[in-house]
Each structure stands twice: as structure tokens, then as C-alpha cells.
Amino acid sequence: MNDMTLYLIIALVPLAGSLIAGLFGNKIGRAGAHTVTILGVAVSAVLSAYVLWGFIDGSRAKFDENVYTWLTMGGLDFSVGFLVDTMTAMMMVVVTGVSLMVHIYTIGYMHDEKVGYQRFFSYISLFTFSMLMLIMSNNFIQLFFGWEAVGLVSYLLIGFYFKRPSATFANLKAFLINRVGDFGFLLGIGLVLAYFGGSLRYQDVFAYLPNVQNATIQLFPGVEWSLITVTCLLLFVGAMGKSAQFPLHVWLPDSMEGPTPISALIHAATMVTAGLFMVSRMSPIYEMSSTALSVIMVIGAITALFMGFLGVIQNDIKRVVAYSTLSQLGYMTVALGASAYSVAMFHVMTHAFFKALLFLAAGSAIIGMHHDQDMRHMGNLKKYMPVTWLTMLIGNLSLIGTPFFSGFYSKDSIIEAAKYSTLPGSGFAYFAVLASVFVTAFYAFRQYFMVFHGEEKWRSLPEHHSDGHGEEHHGLGKNDNPHESPLVVTLPLILLAVPSVIIGYIAIEPMLYGDFFKDVIFVNADAHPTIHIMKEEFHGALAMVSHSLHSPVLYLAIAGVLSAWLLYVKLPHLPAKIAQTFRPIYVLFENKYYLDALYFNVFAKGTRALGTFFWKVGDTAIIDNGIVNGSAKLVGAIAAQVRKAQTGFIYTYAAAMVFGVLVLLGMTFWGLFR
């Protein structure tokens, strides 16, 4: 099997499974739908691992070829092709590996769904195909199609329960916010096509960069901007939407309206990292603009800290993990801004495993609670759900950066990258990610203690009903006990827990201090020496652990855990008093900094008001009443006046004829004698 065939199989097998489950779901049934999609993703996962191993042992070389030319227009060729290198191979394993776990988990989670079971499996396999096409693309046009495809499938999955108004509102919100980002992304691609040699293939664009290094573009009369900087910022606007960076982050928490498995696959491990992957892939361009890198770093720092604050007050178990995702995406963006692209991609990988684990463990707890998602109704689930308890503990320990867990190596590396960066804004970024360590540890273990320790709070509640999942699910009754989830749910948790512990230790040497990303990621060491300083300071996993003992990071994390234990185990009455004491801050957090209100009342209503104005003035007054109906009224008015000449008397008509003859004679003589 040649390389082209291998990569086509990896990309297309999930698509085939999606089409079979979607088009023939009623004929093959529920078992047939999940079997064919799981087999398809499993084939892709195994072959992706084979490809990655080939790069690790040195038997596989970088692949960059076109499959076919899709469109030729005006001397421009738009092709479909594959670029497979170490970064692509790593992402292929992450996407297909997490997707396989989610497919298996979904069998148990969606077991009670009466309708839409086959449709759901079709969607998640279609998403896997779309994400693979995005990361394997070798040109901007294919990247954009993959970019839009994952957005479309995300829209379909967030609104999976389309009879629920909150779900349809959430998927529309996600769709519109991402269109804002995609508009900037498309403008950036347009600049690449117009000024970077007339090609959209990555290798051609990178080769042309020296020709536009000092080029400027006039956005406003008399104001010259660096072409590279403008292009970088516009491309990053797309990343802000897709990777949920402030202020385009508002769609992600609401995306929790979709079933839990897609939260793990799309909104934690894969789609939301697409923007980060794109920036890393474009490192040769971004390295030419320190201004763009500073902007990226500051936006990432704002997202990391201020989204973490919002996670502190959430009571929905899934929304805690959602805001955790936002904060961690901010961490990765800080690394990109510090030119530590390899560190960002390292955290993309480790985060994919432990965050997917946290989402799926949250879903398991929801199953045990009969689909009640409110943590205030839980407590002491450790007694009833030991596997879920242990795996969520592992996920949270990795999230907060506990030494020897995967998240420790990547997260601490990001903090060190911000520390060593010399770009404007790096001081604020370092403070933000450092403060976020405490915040992350606090909200992660607040969730953990509320769910798995303390009193069994559902026993003191009136009989309640929750619409947290499906259409007809109820929470636990007073005398009911939670139950551990079936093996089809807990097995993916166990399998994800393993890389959440060990993958960081295994991968840190080659990915950060070795040649794993050689010739894939470009860093201008003279202008942005961060990663090179880190290579001199640290020499692997054990060096990072040793350093942590002398760093404030570890002690901030411990302080966060102890604070959560004190407030939610020892003194559970205290959080309500603190919230009342700091009521203005609590209200600010509760209203998510009023950004939703701003977007709805200013932009959404403003757009509707502007549209109403143009409709009333332009469409109704000018076009309808003026041009269309107005012309008819004018003809009618003229006809009414002409009609008065129709008297019915012969002498009137004779006089008109004489008058006409005189006019004609006058015109004739005027022409002859003038």
C-alpha cells in the first residue's frame, strides 16, 4: 500500500461509516449504525497510530502531494491534497483515538434515546472525517472547507435535541459567533492569495515570504500597515472563533446543550483546537510579526484567567468542564504568542486526553444521577460509582498540573514559556497563567468534592425533574441510589485515564527538547528565543518535576485544592456567605461579564433595528411605494388628466387634430428656414 492510498483510507473510512449510518440507519438498525461507524473510526485510529510510529522510528518521511485538482480558474489551481508530517500524525492519533473512545461511550450514554440514535453516530463519524481533512490539508482552500465542515457538524450536534428551545438557541449562537471569526479568516486567506505569490499551497506561501517581509498595505487612507501583521491577525480572528478565545468565546458554554459525548469530542479534544493547530502550522508567517504574537499572547492570557473565574460559580457539572476548556485553550494561545508552538501542541495533545476523560466522567456521573446535571443535587458518589470517581480524580489531577501527571509537563511548560518571553504583554500573560493555576485547582476540586464527597444531597430534595438529557429523564428520587455506569461507558474512561497519566512523561523529551517538530515548526530564535531558553533550562521530565519544587506553580495548585476542600467539605455553609458578601462580583460572574447581554442588546438588536430601518425606508418607502407602486400611481395620475380630454364631442377632436397639424407644420418650417 502506497502512502497516498494509506492517507485516503484514514480520511475516507469515517465518511463511509457516516454515510451508511445516516442513509441506511433504519435498515441496519441501532446496532448496525454503531458497529459500522466504530469500525470505520477504529481503522482510521489504528492506521494513524501506524503512521505516527513510522515517524517516531524514522521509517516514514514527510508527505506533501496533491490528490487531484478541484478547480482551475484564471490561472489559479485549487487542489485537494495531503500534508502529513509529525504534527499532522500526532493530531491524527488524537482525533481518531478520542473519537473511537467517544463512539464506544456513546453506545451506553445514548442507550435510552428513542429517536436519533443512528443520526448521532452518523454525525460524529462525519465530524471525524471533517477534522481529518482539516489537519491533513496541504493548502488553505482545503483547510477552509474542513474548517467549515467541522463548524457545520458542531451546529448539528449542539442542536441534536432540536425540540428543546435552549438547544436550538445554542446551536444558532455557535453558528453565528463562528461566522464572525470565519469572516476574518476568509479575509486573511484572501490576502494570502492576493499578495503571497498567487498560491494557496502552504509550501508555496512559505517560500514566497521573503518577498513580502517588508510589504505594507493601506487599510485606511494615509495609514500603512504591515502586510504580514494584518494577515496574521485576520487568520487569528478565525482561530479566536473556532478555538473560543475572548471575546468570541461565548458560544462554547452554551454548546453543552448537546449530548455529553460530543462535548468530549468536539468541544474539548478536537474542533476547538483547530485554530491552535492552524496558527502552529502557519508558524513561518507568525514568526515575522512580533505585534501579532503579542496580541495573541494577551488574548490568550485574558481567556485563561477570566474564563477560569466563571468556572468557579458554575453548578452544572458539564459547564464547569466547559469553562475549564476555555481557560486551557487560553493557556495554549499564550504559548503560541510566546513562539512556543511545540509547547502549545504538546498541551493540545495532553489536554485532549484528560479533558475528554473529564467530560465523559461527568457524563457517567450524569447517568448515575438519572440525568440530573446539577452538582448541588449530588454528593458522596464515590460510594456508588468507584470507577467514575477514580477516573475523574485522575483527570482533575492532570488538569491542575500535578507532578508526574500528563497535564503537569505541558501546563508548566506554558507557564515557563510566558515567563521567558520578552514580547510586550508577556508580563501580564505570566501573571494571568500563574493566577489561573490557583483558580483552576479551586474550580476543579470544587466540582470533585461537590460530586463525590459530602452529603447525599438528592435525599433532601423534593421530587424533581431534569431536562438535562433527552426528553423524558428524571433525577434521583429520595430513596434511590446512584449506580455505576455499564462497561461500555467506564471502559473508555479507563482507557483515557492511562494517557492522562503517562503520555506527558513519554512525549515531553521528543516534542519539546528533541527533533519531533524539526522542519515542521519554524521559530526565529534571534527574535523569539523562548523555546531555546527552555531547552537550556530543562532537559526532560525529571528536570521539570525537580523545578516544580522550587516554583510557585505547585504551591498555588495545592492552595486551590485546599481552599476547595475547606469551603465544600469542612465548611459547606461558607460559600453562600462569601457570595453574599461579594455580591457585585458574584453577579458579574453570574452574568458572564455581561458579554451575552452586550452582543444581544447591541449587536443582535442593533442589526435587527438597522435591518428594520432599511426595510421600511429602502424596501417599503423607496422601492415598493416609490419605484414599483409609485410608477403605477404616476401612470394612473397622467391617465386621469388625459382622460379629461375625452369629452365625446366631435368638435373637440377636430380642434385637437387642427392643433396637431399646426404643430407639425411649424416644426417643418422651423427646420427649413432656421
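For all residues, glycine too, the Cβ spot is worked out from N, Cα and C.
What Swiss-Prot annotates here:
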- 4-24: transmembrane segment (TRANSMEM)
- 36-56: transmembrane segment (TRANSMEM)
- 67-87: transmembrane segment (TRANSMEM)
- 115-135: transmembrane segment (TRANSMEM)
- 140-160: transmembrane segment (TRANSMEM)
- 180-200: transmembrane segment (TRANSMEM)
- 219-239: transmembrane segment (TRANSMEM)
- 259-279: transmembrane segment (TRANSMEM)
- 348-368: transmembrane segment (TRANSMEM)
- 425-445: transmembrane segment (TRANSMEM)
- 488-508: transmembrane segment (TRANSMEM)
- 549-569: transmembrane segment (TRANSMEM)
Is it the case that the transmembrane segment (425-445) and the transmembrane segment (259-279) have 3 or more CB pairs under 8 Å, with pairs at least 6 apart in sequence?
no
Residues of the same chain, at least six outside the transmembrane segment (4-24), with any C-beta under 8 angstroms of its C-beta?
32-34, 36-41, 43-44, 47-48, 51, 63, 65, 67, 82, 84, 92, 96, 99, 118-119, 121-123, 125-126, 128-129, 132-133, 136
Residues of the same chain, at least six outside the transmembrane segment (219-239), with any C-beta under 8 angstroms of its C-beta?
147, 180-189, 191-192, 195-196, 209, 212-213, 245, 248, 274-276, 278-279, 282, 285-286, 288-289, 291-292, 295-296
Hey, would you say the transmembrane segment (180-200) packs against the transmembrane segment (67-87), going by three or more CB pairs under 8 A that are 6+ residues apart?
yes
Going through 36-56, 259-279, 348-368, 488-508, 549-569 one by one, which has the most CB pairs that fall under 8 Å from the transmembrane segment (115-135)?
259-279
Report, as numbers and ranges, which residues of the same chain sit near the transmembrane segment (259-279): CB under 8 Å and 6 or more residues beyond its ends.
87, 91, 94-95, 98-99, 101-102, 105-106, 109-110, 120, 123-124, 127, 131, 134-135, 143, 147, 150-151, 153-154, 157-158, 160-161, 235-236, 238-245, 252, 286, 296, 318, 321-322, 325, 329, 332-333, 336, 341, 344-345, 348, 351-353, 355-356, 358-360, 362-363, 366, 469
Grab the same-chain neighbours of the transmembrane segment (36-56) for me: Cβ-Cβ under 8 Å, and only residues 6 or more beyond its ends, written as numbers and ranges.
6-7, 9-11, 13-14, 16-18, 20-21, 28, 84-86, 89-90, 92-93, 95-97, 99-100, 103-104, 121-122, 124-125, 128, 132, 510
